[in-house]
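Asker: First the structure, then my questions, so here it is.
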Amino acid sequence: RKYPELVLDKALDREEQPELRLIVTAMDGGSPPRTGTSQILILILDINDNAPEFAQRLYEVQVPENSPIGSLVITVSARDLDAGTHGELSYSFFQSSNQVIQAFEINTVTGEIRLKKVLDFEDIQSYRMEIEASDGGGLSGKCTIAIEVMDVNDNAPELTMSLLISDIPENSPETVVAIFRISDPDSGDNGKMICSIQDHLPFLLIPTVENFYTLVTEESLNRETRAQYNITITVTDFGTPRLKTEHSITVLISDVNDNAPAFTQTFYTLFVRENNSPALHIGSVSATDRDAGTNAQVTYSLLPPQDPHLPLASLVSINADNGHLFALRSLDYEALQAFEFRVGATDRGSPALSSEALVRLVVVDDNDNSPFVLYPLQNGSAPCTELVPRAAEAGYLVTKVVAVDGDSGQNAWLSYQLLKATEPGLFGVWAHNGEVRTARLLSERDAAKHRLVVLVKDNGEPPLSATVTLHVLLVDGFSQPYLPLPEAAPAQAQADSLTVYLVIALASVSSLFLLSVLLFVAVRLCRRNRAASAGRCSVPGDHFPGHLLDVNGTGTLSQNYQYEFYLAGSSETSQFKFLKPIFPNF
C-alpha cells in the first residue's frame with residue numbers, strides 16, 4: 001500500500017476562495033493500467049486577518065443649532081471581510097472629550113450618531129471626534145468626524161410706530177401717513193433689514209435717518225378709484241432662513257356717489273330641477289357698490305323681458321334686498337327647457353346709479369315620463385302576432401320592440417328585458433335595441449303558440465318602465481293556415497259536436513270537388529300529349545330570374561313578408577326561400 005500525502009503549497013485566503021475541490025487518481029502498472037479516483041473537498045476556515053475599514057476616513061457634516069434632541073447627525077459605516085464573529089462590528093467613540101460625549105450618542109450596531117442635547121452656536125461652533133469600529137477578534141479601524149454647528153436666524157425684526165394718520169383727504173399729494181423705526185437684535189447678515197410695502201399702491205416709503213422711515217402719498221388719492229387702503233409694512237432681515245415682521249395700517253378716503261353698482265358676474269347660469277315646489281329658492285345674484293353709506297345700498301329688481309311672449313312675472317321673482325331668486329310655479333322641462341331674463345341693481349345715492357346682469361335659467365330634466373312603446377301597438381285591439389318558421393336558426397330575428405321616452409339624457413336611455421315567457425329559454429331580448437330573437441333551434445316539441453312580456457325600463461332615478469305583450473306563432477311554412485290566437489283556444493275547445501260534424505261534411509265535399517278537378521286536368525293533358533306527339537317540352541338551362549312577391553296581409557299572414565321563388569333548370573323541384581318581415585320605419 002502507498003499513502004499519498006496532500007501538502008499545502010502556498011498560503012490560502014478564505015476571502016478569495018472559501019473552498020477547494022480536488023480529484024486524486026491512483027494508477028497501477030498493469031497493461032492496460034487501471035485507475036481509481038477519489039474526490040477531496042477542502043473547506044478553508046476563517047481567521048481574523050482583516051481589520052474593519054470605514055467607507056471614508058473623514059466625515060464632515062453641518063448641524064443647525066436648533067436641531068431637536070434625537071436628530072440624526074450622521075451614519076458611519078465600516079466593512080470587515082472576515083466571517084462569523086470576526087466580521088461582526090461594534091461602533092464606539094474613541095478617546096472623545098466630555099463635550100462630545102454630552103452632546104452626541106452613537107448606536108453601537110448601526111453606527112448612527114444622534115443629538116443628546118440642543119446645540120448652541122454661541123457656545124460651541126464645531127465638534128471633532130474619532131469613531132472606532134471593532135470586530136469580534138480584537139481588530140479595529142478608525143475614522144474622524146468633523147461637525148460644524150450652523151448659526152440660525154432666530155430673532156425677527158421689530159417695528160415701532162411713531163406717527164400714524166389713518167384719515168387722508170383726497171386730492172392731497174405727498175401727505176405724511178406714518179413715521180416708524182425698525183430694528184433687529186441679531187448680528188451680521190441676520191441683523192441687516194429691508195423695509196417694503198405692497199406694489200401698485202399710491203404710497204412711498206422714504207428712509208430718513210438710520211433705520212427710520214416715513215410713509216407718504218405718492219399722488220392725489222381718488223375716492224372714486226378706491227375707498228380705503230390696507231397697507232402692510234413688511235420688514236425682512238437677510239438671515240437664513242429669513243425672518244420678517246408685518247405691520248398693517250388702514251387709510252380711509254372720503255366718499256361721493258360716483259360709482260354704479262357692479263354685479264359679481266355679468267352672466268349668471270342657474271339650474272332648477274323640473275316639478276319643483278312653488279316659491280323655491282333657485283339662486284342669487286349679487287352686486288356691490290364701491291361707495292359708502294347710503295350710496296352703497298343696492299336694490300334689486302327684474303327688468304322687463306326682451307321676449308314679449310315670456311310670462312316672466314309668473315315664472316320667477318327676486319328679493320329686492322339680497323338678490324335671491326325664486327321660482328313662482330312648478331316648471332316642466334318638456335314645456336320650457338331654458339329662458340333668459342335681466343336683473344337690475346340700483347343704489348340709493350343722489351342721483352341714483354344702476355346696472356344690470358343677464359340670468360339664464362336652465363330647467364333640469366327629471367325622470368317623470370315612463371317609456372312609451374311605439375311598436376307593437378298596444379291599443380286594446382287585436383294583438384299583433386309574429387310568425388316564426390320552425391326551421392329558423394338560433395338568433396333568428398322575430399320582431400323588434402320600439403319605444404321612446406319623453407325625458408332627456410340618461411333618463412331617456414332605455415333597456416329591454418324579457419319579463420315573462422310561455423317557454424323560458426326559447427326567446428331572448430337584446431337589452432339595448434329591443435330585438436326579440438330565438439335563443440336556440442326550434443323543435444317539434446316546442447309549443448306552437450307563445451306569449452312574451454317585454455319590460456322597457458329607462459335609466460332614471462327612480463327608473464320608470466312599461467311592458468308590452470307579444471304573441472309568437474311557430475309555423476312549419478307560410479302556406480300553413482293561420483292558427484287561432486291563444487285567447488281563442490278556450491272558445492274553440494267548448495265547440496259542440498254539431499260543429500265537428502259540419503267540418504267533416506265540408507271536408508268530404510271538398511275532397512270530391514278536388515278529385516273531380518284532378519280528373520278533368522288529367523283528361524286535358526292526355527289530349528294535349530296526343531296532339532303534340534312530335535313536339536317536346538324543354539326547360540331552359542339557365543336560372544329563371546328571381547322575383548319578389550309582396551303579400552299585403554290578404555291571406556293567412558298578418559303582416560307584410562317578402563318571399564323569393566325560383567325554378568332551376570337542373571332541379572326537378574322549386575325552391576322557396578323565407579325572408580325577414582317588413583316592419584314600418586318609425
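Just so it is clear, glycine is given a Cβ too, placed from its N, Cα and C backbone atoms.
Residues or ranges marked as domain 'Cadherin' in TrEMBL: 6-54, 55-159, 160-263, 264-373, 388-483. Sequence annotations record features per position, and here TrEMBL assigns transmembrane segment to 500-523.
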Asker: Of the residues in the domain 'Cadherin' (55-159), how many are helix, strand and coil by DSSP?
Answerer: 10 helix, 46 strand, 49 coil
Asker: Give the mean pLDDT for the domain 'Cadherin' (264-373) on the 0 to 100 scale.
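Answerer: Here the mean pLDDT over the domain 'Cadherin' (264-373) amounts to 90.
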Asker: Give the residue counts of the domain 'Cadherin' (388-483) per reduced DSSP state, in the order helix, strand, coil.
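Answerer: Per DSSP, the residues of the domain 'Cadherin' (388-483) fall into 4 helix, 45 strand, 47 coil.
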